[in-house]
Structures are given as C-alpha cells and as structure tokens.
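Written out below as structure tokens is the structure these notes cover.
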C-alpha cells in the first residue's frame, strides 16, 4: 500500500513539478522583493527616528537655554523688586518732604499775611502820627502867632516894654524860647523815622519770604516731576513682572509639550516595531521547509492555499493599523494645530518661542509625511500580498490534489468566499478601536485641559489686578 501510495505521489509530482517550481520561484522572488522593500523602509524609518531624536535633543537644548534665560529673568526680576522697594522708600520720603514743604508753604503764607496786616497797620499808624504832627505844627504856629500878636499889643500899649523887647537880652531869650519850642516836636520825628525804618525792615522780610516761597514752589515742582518719573518706572516694573509671569507660563507649556512629544515618539517607535514585525515575519512563513524528504513539494502545494488566507488577513491587519494611524482622531489633531497656531500668533513678540513653535510645526509635518509614507508602503505591501495570493488561489493544481476535478463556478465561489472572509476580518479590525488611538485622544485631552487651566489662571490674575 505504501509503495502504491508513493508511486501515485511520485507520478503526481512528475506531472505537476514544473507548476510547483514556477509558483515557488515566483513566491521566492516576491518574498525577496518584499524583504528588500521592508529593509529599505526599515532603514528609512530608522533614519527618520534618528532625525526625530536629534530634533528632540535640539529642543532639549533650547529648553535648557530657555530655563537659563528664565533664571536670568528671575534674577532681573528680583533686582527690579529691590529697586522697586528702594523707589517705594524714596517715594515715601518724597511724599513726607512734600507734605512738610506744603506745611511750610502754608505757614509762610500765613506769616506773609500777618506781616502784610502788620505793615498796613503800621502804615495807618504812621499816617495817623503824621496827621497828628501836622496838627501839632499848625497849633504851634497859631500859638506863636498869637503870642507875637499879643506881644505887639503889649509893646504898643507900654512903651517901656518896647525898649526891653528890642534889647539884646530879650532877643536872646526869645531865640532860646523859640528854639525850645522847635526842639519840642523832635521826638515825634524820631518816632516817625523809627517807624519808617521798621517798615523798610518788614518790607525786606516780606521780600525774603516771597523768595523763600518761590524757591519752595520750585522744589515742589521738582519733587512732583521726580514722583511722576518714579510712577512711570513703577508701571514699567509692573509690565516687566507681568512679562516674566507670561514667560514662565510659556516655558511651563513648552515643557508639557516636550513631555507629550517624547511620549508620542516613544509610543510611535513601539508601534512601528509592532506593525513591522508581522511584515518582516511574512517571508519566513512563505519559505519552504528544507529537509522534508520527498513529501515536501506535495506538502507545500497543499499548505499554500491554507496559508494564503492567513497571510492576507495578516497583511490586511497591518494595512488597517496603518490606515488607523493616518486617520487617528483628525478633529483633535486639527484642534491642537489651531491652538498652537493661535498661541504662536498671540506670542509673536518673542523670537525664541516663535522658533520653537515653528520647529514643532515642522516636526508635526515630518510626522504626517512619515505616516503618509507608511500608508503608501502599506498599500504597496497589500497589493503585493494580493498578487501573491491570487495566483495561488487561481491555480487549479491544489484543487485537483484536494478533491479531484471541480467546475469553474465552484472555483469562483471559493475565491469569492475567501475575499468575503478577508473583508469581514478587515471590518472587524476597523470597528475595534486600537489602543494607541485612545492613548492619543487622552494625551491631546490632557494637553487641552492644561492649556485651559493656564488660560483660566491668566484670566483670574488679570481680573484680580
């Protein structure tokens, strides 16, 4: 029986040896091309990962530079705070000096008012004294005239008295009497002169007080100018402090973005390895097993139709995963790009942060190009898988080995059922959400939440100020 079975197998092998050899050569060529393309793609992915690592290192250096700048800004902020304290103390001293000068100015004004009142009162007293002196002079002249008139009368009435009056002694006595009468009003003139000198002294004091008042007003204007300058410097210090707070918030946001990006790169690397593992293992599954004796060709011929559906399923799984990578959460990725663009427009003043933002956008573009290349490569691999599976499924040799002769309608029905099975597996894989997609959604949700919290804190600080 064994010999008969061996003879039948040998006859079948002689009849269809060139078919199996041609199919195996075609499969080997396709597997070699597939392995070559996969190796080239692996090298390209490694080069892109090296570029990403170098970009990541550059961004780490930039973040270190930004931290150093932040430290310097903090030192400058501390120095500004010290200067602000000194300015505050100087402003307080100037306010006290200003108040003291205002009090002195008020006291000087009151003193000037009192001195003007005293001068007016003294002037009125001088005028009254001058009027009294004029009255006394008038009365004295009237009295002298009356005495002369009476003397003349007595002289005319008594001729003996006329001789006495005309004598030298009488004239000397009359002169002495007149001089005594003239010396009488001299104290009033001295008082008048004293009052006039006092008025001159008071006027000089008033002029000095006016000069002091003008000097105090000039000092007051200088103090006001210094106070306005200090207020302006204080406003500039507040602006610097707010700018430092904004830079700290931006640095914190950049650090969060760096952490998220490194996490995404690590996840992408593991995901690329996981996706490329079944593709690199595919040629090993298609190779014939050496050392299987005379039954190796027959076993390969029988197992090839069974292996082709699983191979197609494996390739469709990888294609579905690549499509899921490219189409992962487009809404959240678009929202993240819009948020980054808005942040870059809002912070157009800082060149360093704008360069970091541009580099991050360039990195995102490289990442999308890499995903598109992976998708194209996956499409090429799927096309190659279809080319390798269709000749095997269309070949009638394995149908003859399995069950004799079959009609062309039954072959088409088997091929249709196989394609329906592959499509069902693809749909089931597309419906099941992969793990990395949920992880990316969670990462972008966390980033948007932190941005919302930072914006809320900024709004609270601005409202409190």
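Any Cβ shown, glycine's included, is placed from N, Cα and C.
Taking 48, 303, 318, 332 one by one, Swiss-Prot attaches phosphoserine to 318. The candidates are 304, 407; Swiss-Prot tags 407 with the feature phosphoserine. It is 350-377, from the ranges 154-181, 350-377, that Swiss-Prot records as coiled coil. The stretch that Swiss-Prot tags with region 'Disordered', taken from the ranges 382-421, 422-461, is 382-421. For the coiled coil (91-142), the model gives a mean pLDDT of 87.
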